[in-house]
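> Mind looking over this structure? Questions follow.
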Amino acid sequence: MVDRRTFNVVILGVGFLFIFTAFTTCGNIEQTVVKSLENGTFSGSGYHSLGIIYGVFSFSNLLAPSVVTVIGPKITMFLSGMLYSGYIAVFINPSTWSLYFTSVLIGIGAALLWTAQGQFLVENSEASTINRNTGMFWALLQCSMLFGNLYIYFDWNGRTEIPDGSRRSVFLSLLVTSVLGTLSFLVLRGGRREEELLSEEEGQSLLSTLGCIGVFLWPRVKRLAATALNPPLPPPRSAGLELSFYSGVYGTCIGATAQFGAAAKGLIGISGIVVGIGEIVGGGLFGLMCKNSRFRRTSVVFLGMVVHFVAFYLIFISIPSDRTPYLTPSVSIALLCSFLLGLGDSCFNTQLYSILGHVYAEQSTPAFAIFKFIQSVFAAVAFFYGGYLLLMWQLLLMVVLGFAGTLCFFVVERTQNFAADIQEY
């Protein structure tokens, strides 16, 4: 019989699977859909929408830990899922104001959702199971890359434009999927330890937030900063840039490659599926199959850096930007790059979650909040420059920050090893 904690991790993963089947598919096709709208009054940008989401997401992390502490991770994730569903619904009958308004709302919801998820996952894990549970959750989450994108491939293959009827049917399906995932959070059971009650002073501070937001936020900011610096958090900067690249930019590049002909739009969906396969393979290999070994953590992160560098090089020589590519664009190379992007991303994220859960077992809420804050700041910046900066410069920036981020991870891991050795003596 499955124990309560494993049941919770599986249901958590299934809920995220459904919600992000909808949201990831939406982000993957958003810019293509926006460019194909027949509504002459619509002037929104998919890249700007995603940039707003991650920008609001980043700063909402300052308040998210307190909200999660007050109402609990289960209810927080349910309410956040409703905001995700509202964003998906906008594309059924889109307008510029509703797109940007719900972008702000989902940015707030994302901060709450991921902070609650991090806390709930740690609460249902021990030091001996954190890698297993992280890998299990990550593999289920990344299955979200498969189903929605498969639907996109069959519906859009051979199309050069996206008609309104096809757009509505796609987003109605995604809306139903998101709602089902949101409802699944209600099935979750209590975690390893009940939510700690706020002290009377903290409760009064929270109730007066709207009236004195600055007074309330300042101690939270200090607490988040203290968590980030003692011990230091592994910087997720490059993970933010790569998230925006594989989830929004790369699919659009494939769909705009003229050499792929009528198959280009359908290849957006196939690319998303192959990214998901890479994520699932990585989650299984480096999460479920790895024990709590610090050596393996650094090895996996180094592998992720190498895999991403290979992908970036292949994209540079085979996908056109402002020049003729060095290689004739090839579907097989494009999809290989998709797989490598997913595999490399899973290398980074499984190990980042693992080290956070290991080091911050007693401070999981602020730790995951500051992690998502940094990641989403860089993702927001990347989405805003994605529509303006040439592909080659985006790739170069990810190479530089990817190398720097890997070095920083090694430093943090080495610091933790040294601290552990001192405690033994």
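For all residues, glycine too, the Cβ spot is worked out from N, Cα and C.
As annotated by TrEMBL, transmembrane segment applies to 7-25, 45-63, 75-92, 98-116, 137-154, 169-188, 243-262, 268-288, 300-320, 326-344, 365-385, 391-412.
So where do these features actually land, and what's packed around them?
Within the chain carrying the transmembrane segment (75-92), a Cβ under 8 angstroms from the stretch's Cβ atoms is held by residues 15, 19, 22-23, 26, 30, 33, 67-68, 98-99, 102-103, 105-106, 108-110, 112-113, 115-117, 120, 167-168, 171-172, 174-175, 178-179, 181-183, 185-186, 188, all 6 or more beyond its ends.
Away from its own ends, the transmembrane segment (98-116) comes close to residues 44, 48-50, 52-58, 60-61, 63-65, 67-68, 73-74, 76-77, 79-84, 86-87, 90, 365, 368-369, 372, 376 of its chain (Cβ-Cβ under 8 Å, at least six residues beyond either end).
Tertiary proximity for the transmembrane segment (300-320) is limited to same-chain residues at least six positions away from its ends with a CB under 8 Å from its CB atoms, namely 242, 250, 253-254, 257, 259, 282, 286, 290, 326-330, 333-334, 336-337, 340-341, 343-348, 350-351, 391-392, 395, 398-399, 402-403, 406, 409-410.
Note on the transmembrane segment (326-344): residues 142, 145, 242, 245-246, 250, 254, 257, 259-260, 263, 267, 270-272, 274-282, 304-305, 307-308, 310-311, 314-315, 317-320 of its chain, located 6 or more positions outside it, place their CB under 8 angstroms from a CB of the stretch.
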> Do the transmembrane segment (45-63) and the transmembrane segment (243-262) come close, with at least three CB pairs under 8 A (pairs 6 or more apart in sequence)?
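Contact confirmed: at least 3 Cβ pairs fall under 8 Å.
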> Might you confirm whether the transmembrane segment (268-288) is in contact with the transmembrane segment (137-154), defined here as three or more C-beta pairs under 8 A between residues 6 or more apart in sequence?
yes
> What same-chain residues lie close to the transmembrane segment (243-262): Cβ under 8 Å, and 6 or more beyond its ends?
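Sequence-remote neighbours of the transmembrane segment (243-262) are 24, 27-32, 46-47, 50, 54, 158-160, 268, 271-272, 275, 315, 319-320, 328-329, 331, 334, 337-338, 341-342, 345, 375, 378-379, 382-383, 386, 391, 394, 398.
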> Sort out the residues at least 6 away from either end of the transmembrane segment (268-288), same chain, that have Cβ-Cβ distances under 8 Å to it, and list them.
24-25, 28-29, 32, 131-132, 134-136, 138-139, 141-146, 148-154, 156-157, 246, 250-252, 254-255, 296, 300, 304, 334-335, 338-347, 350-351, 354
